[in-house]
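Inspection log for the structure reproduced underneath, given as structure tokens.
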Amino acid sequence: MEKRDDNGVDVKVVGGGVGPNNIKFPLSFWEAAVASTVVLGFLFGLLGVYLTMPASDYSFLKLPRSLQELQILRVHLEDYTSDYTAQVLLGYCMVYIFMQTFMIPGTVFMSLLAGSLFGVFKGVALVVFNATAGASSCYFLSKLIGRPIVVSLWPDKLQFFQNQVAKRRQGLLNYMLFLRLTPTLPNTFINLASPIVDVPYHIFLLATSIGLIPAAYVTVRVCILHFKKLVKY
């Protein structure tokens, strides 16, 4: 269904509108099956990485939720990073992308971990790659099953985003870059809502990969300075 906004622009209303009567939630059986399959794929991948590592006590392996926990994880992983670089990188990437795909809080600590283990340039490259891959994974998963979730959680934001995308079709890349570089809309919402409001993937990908670089650099740089200060004292 299309409506004309105050500026005379025809705007397609997603799903016939975003009111409570149009919400399809919870997920259908097929949608839940798709999400479960993706989760299992990540879990089997992580299991494969774990099985290639030497027998040891891995009780330290948990998502850090504070700088103290991050420091403990970094100390334990430093030796493994030098001897089992491929496995550590693969495991790190899978966890980061999984968290981005399913909107699990804590990726900022994963970004900090990249800086502490790999330095500024490698750390930034790793963070941008994983954040972009995770956002892309979220984009395609949302394209398949995300509509009822977005309509249920953010009806007003979805309508606003939909209107803005319709108005800015000719300069959509610039608008998406603006969104990535500013807190106008949350990144999680952008990842989920972009396929629903028909943002083309190539524009989403380019805006995401470029727009995340400044934040990634600042995060990695802050982490390195923090741990250098700890070593100094």
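These residue numbers are counts, starting from 1, taken along the chain as shown.
Placed from the backbone N, Cα and C atoms, the Cβ positions cover glycine too.
Source: prediction; values computed, not measured.
Annotation comment: TrEMBL describes 32-53, 89-114, 120-141, 177-197, 203-227 as transmembrane segment. Positions annotated as domain 'VTT' by TrEMBL: 104-220.
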| request: Determine which residues of the chain contact the transmembrane segment (32-53) at the Cβ level, with the cut-off under 8 Å and only residues 6 or more beyond its ends counted. | output: 26, 80, 84, 87, 90-91, 94-95, 97-98, 101-102, 137, 141, 144-145
| For the transmembrane segment (203-227), distant same-chain residues with Cβ under 8 A (at least six beyond the ends) | 67, 71, 74, 108, 111-116, 119-120, 123-124, 127-128, 131-132, 135-136, 139, 172-173, 176-177, 179-181, 194-195
| Same-chain residues at least 6 beyond the ends of the transmembrane segment (89-114) whose Cβ lies under 8 Å from its Cβ atoms | 38-39, 42, 45-46, 49-50, 63-65, 67, 69-70, 73-74, 77, 122-123, 126-127, 129-131, 133-135, 137-138, 141, 188, 191-192, 216, 219-220, 222-223
| field | Confidence summary for the domain 'VTT' (104-220), mean pLDDT rounded | value | 94
